[in-house]
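Below is one structure, written out as structure tokens, with a few remarks after it.
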Amino acid sequence: MRVLVLFAHPAQRKSSINTAMATAARALKGVTFVDLYAEYPRFSIDVDREQRRLMENDVIVFQFPVFWYSTPALLKQWQDLVLEYGFAYGPQGKKLGGKQTLACVTTGGSKSDYSDNGGNRRAVEHFMYPLEQTATLCGMDYLPPFVLYSANHLDDESAQHHIRSYPQLLTALRDDRLDLARVRTLPTFGSSELNDLMRN
Amino acid sequence: MEGLAFYALCYLAAAVLAVIVSQRVGLGSVVGYIAAGVLIGPVFQISVAGSGYLEQFSEFGIVMMLFLIGLEIDPQMVWRLRDKLLGLGGLQVVGTIGAITAAGIGLGFTSQQSLLFGFVAALSSTAIVLQTLEEKGLLKSDGGQASFAVLLFQDLAVIPMLACIPLIAGSGQGDSAGHGGTALLTDLPGWASAVLTLAAVGVVVAAAHYLSRPIFRTIALLGLREVFTAAALLVVVGITVLMSAVGLSPALGAFLGGVVLANSEFKHELQNDIEPFKGLLLGLFFMTIGAKIDPEILLANWSTVVTATFGLMVIKALVLLPLAWFFRVRGPAGWLFALGLAQAGEFGFVLLTIGGDRGLLSPTTVSVSVLIITSSMVLTPVLFALSNRIVIMLEKRGRNQRRADQPDQGTVILAGVGRFGQIVNRMLLANGYKPVVLDYRADVVDNVRKFGVKSFFGDAGRPDLLDSAGLAHAALLVVAIDDPDRATEIVAYARRSNPDIQIIVRAYDRLHHYKLLDAGADHIVREMFDGSVQAAGMALESLGMHPYEVEKRKAVFVEQDTAGLARMAKLVDVDTPAASNPDFVAGFNDIGKVIENAMMGYRSGYDEMVARGWNAPDAGSIHVPKSAGIDLPS
């Protein structure tokens with residue numbers, strides 16, 4: 001399987017977990033890694049090129065930090081421009097049909113913040129609903145999101161664990177070793193569940 | 001010499017005085033010149049002795065006017081106006097000639113005399129009408145365009161009329177504008193003279209088309225303006241001599257030459273050079289007309305003059321109005337058209353003068369006719385006021401829902417198409433705007449023209465060139481020249497002559513920026529600033545900074561610098577060099593501190609400004625309440 005990672009982060013500092021995840025993903029063979037903010041710092045997205053990249057891959061991974069319950073601005077811009085009528089949807093569209101999509105997100109809030117009784121009043125997958133429906137409308141196979149909670153409050157060990165597990169997830173997708181049937185039974189999954197979800 | 005100086009003094013003094021008064025009263029310059037002639041001739045009896053050669057000389061004014069009319073002919077515009085030009089113009093001329101000739105015969109004139117009257121009456125005053133339409137901003141309106149088309153046709157119709165008068169008068173050779181043609185051809189057989197005549201026309205067209213460009217370009221590259229003016233005059237005089245030699249109308253030749261040169265990049269420059277001469281010589285022509293007015297004849301015939309003037313205008317309007325309606329120039333536009341063109345025109349004087357010379361009309365009849373034409377021209381402002389009244393009445397009655405007469409549409413003037421201006425030009429063109437381009441380098445203009453851009457050679461710093469490029473009605477002026485002082489002058493002039501225009505200008509540096517602000521520019525672009533910021537950004541990117549981070553840092557830098565520029569404005573004294581103005585230096589240091597600190601390594605303000613946004617709540621410190629757990633960037 002050919003894997004495309006679309007990474008969107010407007011403030012890539014050395015200390016950021018997302019930056020470390022990105023560095024690890026970038027080094028993988030058989031995975032196309034795209035830093036959207038580096039390629040389109042002025043938000044003028046090359047739609048043809050992006051569509052070509054989508055066509056050339058089987059698994060589309062969106063990697064981003066959750067900002068105000070949504071994607072960073074450029075990733076929204078990407079959706080608005082790239083998922084065109086006649087390409088991604090519509091009678092002549094559906095060119096993305098059958099491709100797998102996966103959101104790999106980090107959140108500032110903890111798992112309990114993202115619960116019915118927490119400050120955010122919903123579980124995190126609910127906030128991914130626009131992305132899910134977008135993928136579904138385009139006929140894509142939407143997988144439950146891969147989530148890292150409390151990204152700003154992690155101890156070093158958990159941070160490193162997540163950073164190491166991310167390339168493992170991507171290679172598993174690449175080599176078709178992820179047990180998709182089991183993944184689909186979960187609302188979300190994280191680095192601690194990853195080992196159990198792999199096939200040998 | 002003494003005599004010449006004295007005549008010059010009298011003519012110029014009378015002209016200046018009378019034209020100022022006439023313009024002030026709103027009658028236009030033509031009426032003023034005629035009044036000056038009246039002062040010189042009948043009133044003070046100055047002109048009696050020496051007016052003969054002046055009169056000949058003044059007829060160059062007519063030749064130049066036709067040359068300029070030829071220059072003004074834009075093939076595309078003529079094509080667009082073809083229906084109105086041929087249909088409306090042709091029917092108007094034929095209709096008016098018919099009506100007036102019939103009236104003349106009815107009043108007991110001979111058919112030849114009546115036909116001449118018809119010719120005279122068919123023409124309207126191009127000079128007065130175009131000027132008035134332009135002043136009122138109505139030239140591009142429906143009524144204005146129709147008027148323009150008809151005036152153009154009339155100007156063209158003058159040429160066959162001039163040729164016809166000798167035939168009507170029944171005496172042979174036609175040296176129409178009265179230059180005392182040398183009649184080179186009288187001894188030649190018919191076929192030879194025909195060949196020679198055609199050859200002369202061919203020479204004018206070919207020379208204007210093939211010779212003029214390289215010659216003008218050479219002169220332009222020399223940078224000697226007076227030589228260019230001399231060359232422009234040479235063109236007109238040369239055509240006149242050639243045409244007179246073969247017995248053709250010099251006016252026709254000049255018109256042809258003008259048409260051929262109309263598409264040249266030197267068009268505006270030629271116009272500007274010929275225009276003052278044309279204006280003065282035409283003024284002189286009108287003055288000689290005025291000088292010939294005999295007060296005794298006026299007193300003896302005043303009732304005839306009044307009745308005939310009124311009758312002339314009514315007949316002309318009655319011919320024009322139904323034609324306008326037929327050609328779908330209706331409502332307000334139709335009234336503007338019919339009443340605006342109801343006077344007789346300056347070419348009438350020429351026709352009458354020739355008719356008198358040919359013995360077709362008695363001197364008294366000529367004088368009375370001149371008076372009739374003059375009074376109808378004097379009444380033109382009244383006609384325009386009347387059409388305005390009618391339009392208001394029409395609008396009150398609500399018969400016209402839409403605003404019929406749209407004033408001139410906005411246009412873009414681009415001064416300078418060098419390295420800076422050509423980018424502006426290309427982007428405007430790419431987005432469907434066609435700027436009028438001015439540049440003082442003939443080779444540059446040449447190159448730009450190859451890409452199909454409407455461009456003209458000339459120094460954009462010259463007010464008259466800006467005016468003829470349409471400054472008064474333009475919506476936008478982009479000054480892209482690299483000479484700072486000249487750019488400032490252009491901005492100041494443009495602001496004075498068109499308060500509503502948007503002005504975008506290229507600034508050399510900060511101090512120039514302030515001068516331009518003072519001069520009235522709306523938007524000022526520092527020529528090196530954006531390019532330098534780009535290079536700095538690339539430098540940061542090459543050093544490993546994330547492209548989006550670079551973008552943010554560039555944005556903050558530009559914002560800070562621009563804000564500083566604005567805050568500094570009140571500290572600037574444009575006449576003192578920046579470095580010797582202590583306030584400026586102090587302020588510059590103060591405002592630049594944020595940026596300069598960053599440069600010096602004290603990263604106080606700049607970094608904070610850039611880093612603002614996407615900041616994670618700081619773990620362990622007081623931030624968003626834990627219970628809220630709002631997801632700010634991680």
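Yeah, the Cβs are placed from backbone N, Cα and C, and that goes for glycine too.
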Given ranges B:231-257, B:366-392, the stretch to which TrEMBL attaches the annotation transmembrane segment
B:366-392
Sequence-distant residues near the transmembrane segment (B:146-168) by C-beta distance (under 8 Å, 6 or more away from its ends) are 66, 69, 73, 78, 81, 84-86, 88-90, 92-93, 112, 115-116, 119, 122-124, 126, 129-130, 133, 139, 174, 176-177, 249, 251-252, 255, 324, 327, 329, 333, 336-337, 340-341, 345, 347, 350-351, 354-355, 358, 360
Using a cut-off of under 8 Å between C-beta atoms, tell me which stretch among B:56-73, B:188-211, B:305-327, B:334-354 contacts the transmembrane segment (B:115-134) the most.
B:334-354
When secondary structure is assigned with DSSP, how many helix, strand and coil residues does the domain 'RCK N-terminal' (B:409-525) contain?
52 helix, 24 strand, 41 coil
So which residues does the transmembrane segment (B:334-354) touch in its own chain, when a touch means Cβ under 8 Å and the partner is 6 or more beyond its ends?
30, 62, 92, 116, 119-121, 123-129, 132-133, 138, 141, 143-144, 146-147, 150-151, 154-155, 158, 161-162, 165, 176-178, 282, 285-286, 289, 312-314, 316-317, 320-321, 324-325, 361, 366, 369-370, 372-373, 376-377, 379-380, 383-384, 386-387, 390-391, 394, 405
